[in-house]
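The S-adenosyl-L-methionine binding site feature in TrEMBL is assigned to Asn39, Leu41, Gly67, Glu89, Asp118, Asn140. Annotation source TrEMBL lists domain 'Ribosomal RNA adenine methylase transferase N-terminal' at 46-233.
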Amino acid sequence: MSQAAARVLQSGMRLPPLPTIRELVKLYKLQAMKQLSQNFLMDERLTDKIVKSAGRIDHSDIVLEVGPGPGGITRSILRRQPQRLILVEKDERFGETLQLLRECAKPLNIQLDTYYDDILRFNIEHHVPDTTQRLHLIGNLPFAISTRLLINWYEDLAARRGAFRRNDTCMTLTFQKEVAERICAPVGGEQRCRLSVMSQIWTEPVMKFIIPGKAFVPKPQVDVGVVKLIPLKQPKTQLPFPLVERVVRHIFSMRQKYCRRGYGTLFPQEGREEVTQNLFQRAEVQDTLRSFELSVEQCLRLAEVYSEHIASHPEVEKYDYRAPKNAEIL
C-alpha cells in the first residue's frame, strides 16, 4: 500500500485504493447465505454512522467486530485507528476481502487479527488477555443468533468475565427493529418483554438510529435498529444470573395475564397460591399488574424473595411446571 493511500486512511476519508464493497462482492462472487442470516451493508455512510455510534475509539483501544462479512463496517473501524481490531467471522469465503483490509492496517500500525469461528463459542478472554485496554464490541449481527448472543454476553457481564472484565466495554450492535425496540422498551411499553428487563438490569440501552431494510443486500423483510448498550457501573443486583433469568422468564411467560400467574409457575401446584401471595407481599409488588407493567426494580425484588424461598426450600429450585408429571391447565 502506498504512503499516499495510508495518509488517506489516516485522515478518516474514504479508501480509493480499494474496490468498493459492492465491487468486491461481485468480484469474488459472494452471495449472502440464508442459513447464516447474512445481509450485507454496502453504504459507507451507514457503516461510518454505526461506528460513530460506538463513541470514542483511539489508538489505545481494542475493537472486536462480529461477522464482518465483506468488510464494510471493518473499513469504518480502521478509519478510527484502534490499536487492535479482532474480526470473528464464521464464513471463510470472506478470507480474501478481509485480507485486503489487513494489508491496509499494516502501515497504520493496527494489529488486525481474523478468526474464522462461531462467536457463540469464541473465547474472548483467551484472545484479549490484557484488561487494561478499553474494548468495543461492534457488529451487524445475524438475526438468528442476536438474542442468544446478547443473553450470553449479559451473563458474562454479570460475572465480570470474558469481554467484561473491565466495566466500560460497550456494545454497538444491529438487531431487527422489533428486537431493538424490545431491548429499549420502557415500563408499560407495548414491546416490553423479558429481553427489556434483562437488558436494563445490566446495561443502559440506547437506540441510536434505524437502518431501512432496503440498505442491505439481500433486502431483509424488516428494518434494522442500531443499539448501543452501556454497562452500568454499579449492577442493579448481585443475585446469580441464572436465578434472575429464570425468574424474569417465568414472569413474562404469561405477558397479558396478572404477573402472579407466570411467577407462580416457579412453584409446585400444591401450595402455589399461598406461596405466591406471600412472596409478592414480601417483595411489596402488586400482584395484579401485568408483567410489562413491572419495573426492573420490582422484578429484582421478586427474584430476591424467590432466592430466599429456595434457600429454605431447595427442592423448589429444580421444579419445572412443564415436566409431564407436573403438566396442568394454567
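If you go along the chain as it appears here, the first residue is 1 and each next one adds 1.
Even glycines carry a Cβ here, placed using N, Cα and C.
It is Glu89 that, of the binding-site residues Glu89, Asp118, has its Cβ surrounded by the most other Cβ atoms within 10 Å. The most densely surrounded of the binding-site residues Leu41, Asn140 is Asn140 (count of other Cβ atoms within 10 A of its Cβ).
DSSP assigns Gly67 (S-adenosyl-L-methionine binding site) to coil in the three-state reduction, outside any helix or strand. The secondary structure of Leu41 (S-adenosyl-L-methionine binding site), as reduced to three states from DSSP, is extended strand. If you take every residue in the domain 'Ribosomal RNA adenine methylase transferase N-terminal' (46-233) and average the pLDDT, you get 94.
Glu89 (S-adenosyl-L-methionine binding site) carries neither a helix nor a strand DSSP state and counts as coil. According to its DSSP assignment, Asp118 (S-adenosyl-L-methionine binding site) is coil. In the shown protein chains, 20 other C-beta atoms lie within 10 A of the C-beta of Asn39 (S-adenosyl-L-methionine binding site). Taking every pair among Asn39, Leu41, Gly67, Glu89, Asp118, Asn140, the residues listed as contacting S-adenosyl-L-methionine, the largest Cα to Cα separation comes to 20 Å.
Under the three-state DSSP scheme, Asn140 (S-adenosyl-L-methionine binding site) falls in the coil class. Here the Cβ of Gly67 (S-adenosyl-L-methionine binding site) has 21 other Cβ atoms within 10 Å, regardless of which shown protein chain they belong to.
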